[in-house]
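Colleague: Take a look at what TrEMBL says about it:
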BINDING   D:Arg97, D:Asn151  substrate binding site
BINDING   D:Cys172, D:His202  Mn(2+) binding site
DOMAIN    D:197-411  domain 'Glycosyl hydrolase family 4 C-terminal'
SITE      D:Glu113  site 'Increases basicity of active site Tyr'
Number of protein chains: 4
Amino acid sequence: MIKSPLKLAIIGGGSSYTPELVEGVLKRLERLPVKEIHFVDIESGQEKLNIIKALAQRMVDKVGANITLTASFDRRAAIKDADFVMTQFRVGGLQARASDERIPLKYNVIGQETTGPGGFAKALRTIPVILDICKDIEELAPNAWMLNFTNPAGLVTEAVLKYTKVKTIGLCNVPVSMKMMIAEMMDCSPNDLSLEFAGLNHLVWAHRAWLEGKDITAEVLEKVGDGANFSMTNIFEEPWDPTFLKALGAIPCPYHRYFYQTDAMLAEEKETALSGGTRAEQVMETEQELFMLYKDVNLDRKPEQLEKRGGAYYSDASLDLVDAIYNDLKTINVVNVRNNGTIATLPDDAVIECSAVVGSWGARPLSVGQLSPAVRGLIHQVKAYEQLTVEAAVHGDYEKGLMALVNNPLVPDIKRAKAILDDILRVNRDYLPQFNH
Amino acid sequence: MIKSPLKLAIIGGGSSYTPELVEGVLKRLERLPVKEIHFVDIESGQEKLNIIKALAQRMVDKVGANITLTASFDRRAAIKDADFVMTQFRVGGLQARASDERIPLKYNVIGQETTGPGGFAKALRTIPVILDICKDIEELAPNAWMLNFTNPAGLVTEAVLKYTKVKTIGLCNVPVSMKMMIAEMMDCSPNDLSLEFAGLNHLVWAHRAWLEGKDITAEVLEKVGDGANFSMTNIFEEPWDPTFLKALGAIPCPYHRYFYQTDAMLAEEKETALSGGTRAEQVMETEQELFMLYKDVNLDRKPEQLEKRGGAYYSDASLDLVDAIYNDLKTINVVNVRNNGTIATLPDDAVIECSAVVGSWGARPLSVGQLSPAVRGLIHQVKAYEQLTVEAAVHGDYEKGLMALVNNPLVPDIKRAKAILDDILRVNRDYLPQFNH
Amino acid sequence: MIKSPLKLAIIGGGSSYTPELVEGVLKRLERLPVKEIHFVDIESGQEKLNIIKALAQRMVDKVGANITLTASFDRRAAIKDADFVMTQFRVGGLQARASDERIPLKYNVIGQETTGPGGFAKALRTIPVILDICKDIEELAPNAWMLNFTNPAGLVTEAVLKYTKVKTIGLCNVPVSMKMMIAEMMDCSPNDLSLEFAGLNHLVWAHRAWLEGKDITAEVLEKVGDGANFSMTNIFEEPWDPTFLKALGAIPCPYHRYFYQTDAMLAEEKETALSGGTRAEQVMETEQELFMLYKDVNLDRKPEQLEKRGGAYYSDASLDLVDAIYNDLKTINVVNVRNNGTIATLPDDAVIECSAVVGSWGARPLSVGQLSPAVRGLIHQVKAYEQLTVEAAVHGDYEKGLMALVNNPLVPDIKRAKAILDDILRVNRDYLPQFNH
Amino acid sequence: MIKSPLKLAIIGGGSSYTPELVEGVLKRLERLPVKEIHFVDIESGQEKLNIIKALAQRMVDKVGANITLTASFDRRAAIKDADFVMTQFRVGGLQARASDERIPLKYNVIGQETTGPGGFAKALRTIPVILDICKDIEELAPNAWMLNFTNPAGLVTEAVLKYTKVKTIGLCNVPVSMKMMIAEMMDCSPNDLSLEFAGLNHLVWAHRAWLEGKDITAEVLEKVGDGANFSMTNIFEEPWDPTFLKALGAIPCPYHRYFYQTDAMLAEEKETALSGGTRAEQVMETEQELFMLYKDVNLDRKPEQLEKRGGAYYSDASLDLVDAIYNDLKTINVVNVRNNGTIATLPDDAVIECSAVVGSWGARPLSVGQLSPAVRGLIHQVKAYEQLTVEAAVHGDYEKGLMALVNNPLVPDIKRAKAILDDILRVNRDYLPQFNH
């Protein structure tokens, strides 16, 4: 059966990550006959969008691919008849992220892009926009798959699955990065590893690790406890306590440090904020440097400096998914999908992050069942926070927002929750029309 | 049908609470034909036991009741053929409780008798002893009901239900106190109130309150937010935020302050520890005063000063249960029992605290179903802590103990969890044989 | 607190059962200050309605009660401001019931008023009418309780709870009859018995029976197996196999005979249909006799002959519920309510029949948890049939109707299911507007 | 990584199916380095075992494979250090199967090898033997995978998973046969089909069918309703009603005919039993013919006549599983495994048949979640029957056996259940030591 060529729409096309995505497409031309990529962004991002478009064109030209590139502010045109809509936008830009990081720190609370109050603020800004995008998809490309990379990816995907009819899968580069690091510490090929992932986005555990049929979970935990590299560019690598890891019995993701090692992570954040600036502030610099590079008319490939930006394997996670769906590969990918009984006792309509078989039928999660008490409490606590956040974001509901923060394990107290919430609503006023009714 | 008269065994009979229990028996003589009460305690409590026995005898004599009182160290004799075994003992005495309160404070963590690391330490000391008592009951009084008042009552009851065959119900004076305070604020008789309690011990919510068929939950929450009295002698009455209460949509118990208002509660604890001494240290003084009073050969009733001690309605909660079982009353009492599907998504074998119909069949909980996201996260987090604590206490398992503390929402961090655990194990070494294998 | 007097609306007031209801009201005048009873029926029932009204008036006058009686075809007037709406109507009358019983027998399938295809047909006729009644209640008496006695009571109550906002409780005289028969066989007062009922309407088991704290389940099962009376007027008393009862471990209701003893029940039905006529046909005669009696201007009480009609304890089951709600009694009644997790693994929105605490808050079921495999299969099978029947009845959906019958354990085969369905739709055409769209 | 070569133990090696298995091994030599196959059987099967061994040797020699073949009665030697133990034995032989088929027919009940009372009888005979085999595996080959083909495969696998520690997967050729037939009717390659299987063994549905990303479930159901071939050699092909299939919304397996089209299947069975003999009696003839062929010293391949025997794709289903595990393929196979939350509301420890990802980690099922009411009732009913059958078989418990049959949807009545049970126990006395204690 001859399959039709593909149109991709990239929402947030002016992102510094885009060259990686383009590179991913070009690497897979034999498997994925992409005929058109439409980069779309908002007007204030025009300059970046132009730079990206030009660089992408040079990359395409270099390999002689037959792909039409378009860059515009016309989201509806981009979405119209797209086969895949990839979302990677950032409402409020890095400026808003910086305030997400700074506000909680004022109250001695973790200030982080996707977890804690920072992720909450980002969700409030992002969810109304993505629901709007989904209306366009429902109308203009009802058969398209939306691959959502926009953070907080689990929360955003849950809002989409609850409030729209768009076929969507959320994804994240954390699980694939964990796999790569485990392969490195086991000195094996990632292909020989089997990892049973289940949890929530940025709160995912590899519950068991297998190397060619042998359960190596304990061995991996020992190596991690022993100091093997197990973090990501954007997360401070506070060492893990070996006894704790053994007691946990599951491999935590780098973001778990915020929950399990709060004191050290907070101390580091506060120091960094004082010295080098928060992560957002550092990224702003990196971004500027990247776009300087991107402008170079001689550059016709993804520059190595992009790796510093923190999105390792972003392109692979994303395009492997396109590949699996388009070519019906039935590979195991780690994705954000509707729970539907996969993790027992979480609500059916909750979005979880887990290993799933991806093919032309979408993503079918591997059954997980009952989680151990070692992880069951935290996942329910964070999911309650997420459910409440989705409601707060969709309905602009102050009380739900307060309950969301009170339920976030990184926020220790009602008083601080309220103060942070009020700061967030004030500072982000322009991005939160749903709260100004 | 003529029912046989009753034998009660009071484990921890030397407690200062015992006169209240005796008073409760004497008030109900028409309904409860008690023929014998056996107070049992350990040898180091001999003096107190003698004082209590003598006071109880004066109280019995005063009303001319035909009850044989016995006081001894012979637990097996006490249990033999008892109809009800009431447990109210304290392993390590108030001295141990003082260290439970002091240790966490060193690490800026809530130091409290039953919640947080303090309750954890108490569970480690108590569970091996109660399992030992249960062996005696299984052998010597297999049909007896054990009414467990020993804190942390939920945890202790869970251990008993998981590891023994003893028919047991855990109970607590918090729900009945909440009912009394709500009646006071609504200016109505407690009998006209219907409260739907469900949660865990010292983490119980009244999810709905009814006054003669009218749902008054919102009204009660307003009054509590407005400053109506809603605490207990032993818990600092930090005011509740009205917006939070409205968002919560359920009436929290006084102990919820430790979880929702951690900052203020911790500040108060630290200040009190510096000035008047921790709660345990204050209680030691009260105890001494009480026993001075009890010694008075002219005293033949429960002295009023006992109320200061904090156990309001203790006797009523306890003897109402005896009454309901013995006389098959089918009244609604709030008890600690096996979940068995009552609260959806908690494990079947978890112990919960909830409204139940109590009669000769024991306690049958009222179905609860799904909890709202506003409370679902916290209850799963605390139950995970409790499950892990039971395993740690029964098996003397360091790793389970560490995971228990890491899962306790009052302990923010692995490092502090470990430091606190190590302190607890060291200080309580004499009471933790299960960890010294 | 002084409570306002009560208005009752009786939908299907012309029923021969009504005198029992009136008697029940008059017996409880001290507890239930009824000021008005409005009997409503359809025009074709005018004569019966008049007879009932006149008899009721004589009964009221006899005791000198201050109750206004009204009889009319004006359903909206009856419902307006009612405190309790009691439904006991029969769409299509006994004529339709006779065809419900006859059609399945043609295909060698149990023909019965409420179980099997007969109950299915009755549900198709009844549900559209009751949803219509509920629209009136929502508008004219939004605070009223609807007590639904209309069969199939579980199915009808499920439709109401799924498709309306009316506060409703379904009820049935089977559980109370079982209690009375068990009391008789144990030679005890029914008040000393505690029975744990859980199941579906006409498929309810008493899972455990207690007599003053002693579990007598096995003893009751032995007596039933030994031939103790354990049926109801309208159900053929095929003896129970003692080994089966022991294996079942729970006390079945009389209607269980249709499921467990299908051969014998079918044989008896076929014989009766040939000789004396089906149950409906017998009842038509009884009815005629009853109304002859009712007409007697000297009759001023419920005649004893009504008992033959089969509705033993109908009045008590019904008015005890009114009493419990109005006076906030918190008694345990057996009712049909939303499952909401009470029986684990049945859907939350399924209606079940179970022991519940009834008071001004409505009915709160006692938690049941996991059912044993001995009964779990049948209850899921019948509940699936019921869910599909509700959908078929509400939407007039032929396929759902077919699947409903295929799922009914009394219908052995698709072919017979389809033949029966087609007969039912044809014969009942006038009463099934939802299928004629 | 170089993998060690494989030893296979074939329990019931004298089966006429064995040549297919050997052929499967020889086809996969490049992927599966089998070094040894040990055929084991009981003494009464000596002649057949010898014939099979000789034929297998000729087949091996023909392709020049380096495989040691052993045939013996020494089960322990066969199991010792095996990598895979494949079970395909038949306690009591075809003679016992014939009585399984005949007994129910006496009572007008479906008489079938694996469903209904026939499967029940087979389970009673088989489960004690397989538990015995498992004891040997636990001792002599604790790392071996047992692939269980012994019918009733779901029930037998459930007994093994509940009562032993053996790593086991149950399998069946029904799902793969369904896939092949659907591919045929869709005129596509089976590889382009994706089927979502979930249910129980011989009660499995393909809930959705996809062809290259397009949901073709409705189309397949139409074709099946239209008369497309959709049965298996051993099941009478009673046509399916198209309206029923549409209402069902899922693709039934051939064995579903016994449950949904009981009348026609029973009629056919009774006729066949009278004329040609039951299926077992027919198979006896086929077997004899096959072994005549097998004896031929010139035969060095699987003869085509084996296909008539009914085990199409047996070898592929089985060796694809060995391949997937040994080579860590992560392919989707349909297997019998512990439910563990895969199908919501079935017990965690129930064995289900479903699509799973098979690799060196064993089989990880694809999450299913809530089943529709159209199928939910039947699966719960049959699983209750299965749970009770396992208990009856393991403990020799008459009451559980009776409840099992009463719960089997093919047995309409207690009386018939009891008569059938008594016949089964009497006729199979020699094979049911557990009932003779």
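Note that Cβ sites are derived from N, Cα and C of the backbone, with glycine treated the same way.
TrEMBL: automatically predicted annotations, no manual curation.
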Colleague: By the DSSP assignment reduced to helix, strand and coil, which category contains D:Arg97 (substrate binding site)?
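Modeller: SS state of D:Arg97 (substrate binding site) = helix.
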Colleague: If you measure D:Asn151 (substrate binding site) to D:Cys172 (Mn(2+) binding site) at Cα, how many Å is it?
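Modeller: Distance (Cα to Cα, whole Å): 9 Å.
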Colleague: In whole Å, note down how far the CA of D:Glu113 (site 'Increases basicity of active site Tyr') lies from the CA of D:Arg97 (substrate binding site).
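Modeller: The separation of the Cα atoms works out to 6 Å.
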Colleague: Do me a favour and check the Cα-Cα span between D:His202 (Mn(2+) binding site) and D:Glu113 (site 'Increases basicity of active site Tyr'); whole Å is fine.
Modeller: 11
Colleague: Quick one: pull the CA-CA distance for D:Glu113 (site 'Increases basicity of active site Tyr') versus D:Cys172 (Mn(2+) binding site), whole Å only.
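Modeller: So the alpha carbons of D:Glu113 (site 'Increases basicity of active site Tyr') and D:Cys172 (Mn(2+) binding site) sit roughly 14 Å from each other.
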Colleague: For D:Glu113 (site 'Increases basicity of active site Tyr'), which of the three DSSP-derived states applies: helix, strand, or coil?
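Modeller: In the DSSP reduction, D:Glu113 (site 'Increases basicity of active site Tyr') maps to coil.
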Colleague: Around D:Cys172 (Mn(2+) binding site), how many other CB atoms lie within 10 A of its CB?
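Modeller: Other Cβ atoms within 10 Å of D:Cys172 (Mn(2+) binding site): 28.
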Colleague: Relative to the Cβ position of D:Glu113 (site 'Increases basicity of active site Tyr'), how many further Cβ atoms are located within 10 Å?
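Modeller: Here the count is 24.
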